[in-house]
Amino acid sequence: MAAQRLDGKALAATMRSEIAARVAERARAGKRAPGLAAVLVGEDPASQQYVKNKHKACQDAGLATTVHRLSASTTQAELLELVGRLNADPAVHGILVQLPLPKQIDDGAIIRAVSPNKDVDCFHPENVGLLMTGYPRFYPCTPHGVLQLLTRNGIALAGKEIVVLGRSNIVGKPVAVMLMQKATATNPAAGDATVTVAHTRTKNLADVCRRADVLIAAAGVPGVITPDMVKPGAAVVDVGTNNVDGRWLGDVHKDVESVAGWLSPVPGGVGPMTITMLLYNTLDAAKQIDG
Ligand SMILES: Nc1nc2c(c(=O)[nH]1)N[C@@H](CN(C=O)c1ccc(C(=O)N[C@@H](CCC(=O)O)C(=O)O)cc1)CN2
Ligand SMILES: [Mg+2]
C-alpha cells in the first residue's frame with residue numbers, strides 16, 4: 001500500500017492563514033505589523049528563489065517585509081553595517097540573512113551580529129543555547145516545520161524510536177535536540193522521543209535507519225534512503241532539497257513510498273513548512289518586542 005502523504009503545502013496554507021488572522025488581530029488592536037528584513041547577498045539562483053518565496057509569503061500574511069539585495073562582492077564590513085542598522089530599526093522585528101554567504105564573508109560572524117531578539121532563523125549561539133537547555137526564545141524554522149508536519153498529521157512522537165540522518169547546524173542537530181526534549185509549557189515543540197543521529201561515519205546505516213518508527217532524512221544526498229532502510233509503516237520525513245538538472249529531488253528514493261506508512265514529498269513537504277515557521281517566528285518576535 002502506498003504511504004500516506006505528509007502534505008507540507010496544505011499544512012503550510014492552513015498555518016499561514018492562522019498567522020494572517022493573528023496579524024490582522026494585532027492590526028485591529030493598533031499594533032504595528034510584524035516586520036521581517038531579508039538579506040540576500042549574491043546571485044545564487046536557489047537562494048534568490050527562497051527569498052522571493054519568503055517575501056511573498058510574508059506579504060500574503062500581512063507582514064511588513066523588505067528584501068535587501070547586495071552584490072556578490074559585498075564585504076563582511078558592509079554586511080555587518082547593514083545588520084547593525086536593521087538591529088536598531090524598531091520596524092524590524094525579524095532579520096534573516098540567507099545562507100550560504102559568499103566565501104569572503106564569515107557566516108559565523110554575521111550570525112553572531114544579528115540581535116538574538118530578532119534572530120528569527122534561531123541561528124545565533126545564544127538562541128541555540130536557549131533551545132538546547134529547553135527554554136527556547138525561537139524554534140529554528142526547518143526543525144520546527146518537521147515537528148509540526150508530524151504532530152499535526154496525528155503522528156505521536158513520545159517514546160518513539162527516531163533516527164535523524166544528518167548532523168548540520170541548520171537541520172540535523174537542532175531537530176534531534178527538539179525531538180528528544182521533554183515537552184513543557186515553555187517548550188511545547190518537543191518530541192519526548194528516543195533519538196539516534198546517523199551520519200557519513202555511521203556503521204551499518206541501513207540497520208540503524210530500519211530501527212526508526214520515524215526517519216528524518218537530512219543528508220543532502222539525493223535518493224540516499226532506499227526501501228531496504230525503512231521499517232514497514234514508518235513515518236519518513238524528507239528534508240532534502242537537491243536540485244539535479246533543474247528538478248527538485250529529495251534524500252528519499254521514490255520506491256520508499258511502497259514501504260513507509262507516511263512520507264513527505266519533495267517538493268511540497270518540508271520546504272513550504274520552513275517558510276511558514278519563519279512567518280510564525282516573525283510574529284512571535286513582534287509579540288516579544290512590542291507586546
Ligand atoms: N537564513 C537561512 N538560510 C537557509 C535556510 C534557512 O532556513 N535560513 N534554509 C535553507 C534554504 N531554505 C530556506 O532558506 C529553503 C529551502 C527550500 C525551500 C522550499 O520551499 N523548497 C521547495 C522546493 C523548491 C521550490 O519549489 O522552490 C519544496 O521543498 O517544496 C524553502 C526554503 C538554506 N539556507
Ligand atoms: Mg562563507
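Using the three backbone atoms N, Cα and C, a Cβ is placed for every residue, glycine included.
Here is what TrEMBL records for this protein:
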BINDING   Gly166, Arg167, Ser168, Thr241  NADP(+) binding site
DOMAIN    6-121  domain 'Tetrahydrofolate dehydrogenase/cyclohydrolase catalytic'
DOMAIN    140-288  domain 'Tetrahydrofolate dehydrogenase/cyclohydrolase NAD(P)-binding'
Of Gly166, Arg167, Ser168, binding-site residues neighbouring ligand 1, Cβ under 6 A: none
Within the predicted model, mean pLDDT of the domain 'Tetrahydrofolate dehydrogenase/cyclohydrolase NAD(P)-binding' (140-288): 98
Residue, out of the binding-site residues Ser168, Thr241, whose Cβ gathers the largest set of other Cβ atoms within 10 Å: Thr241
Local Cβ density at Gly166 (NADP(+) binding site) - other Cβ atoms counted within 10 Å: 24
Neighbouring C-beta atoms (10 Å sphere around the C-beta of Arg167 (NADP(+) binding site)): 17
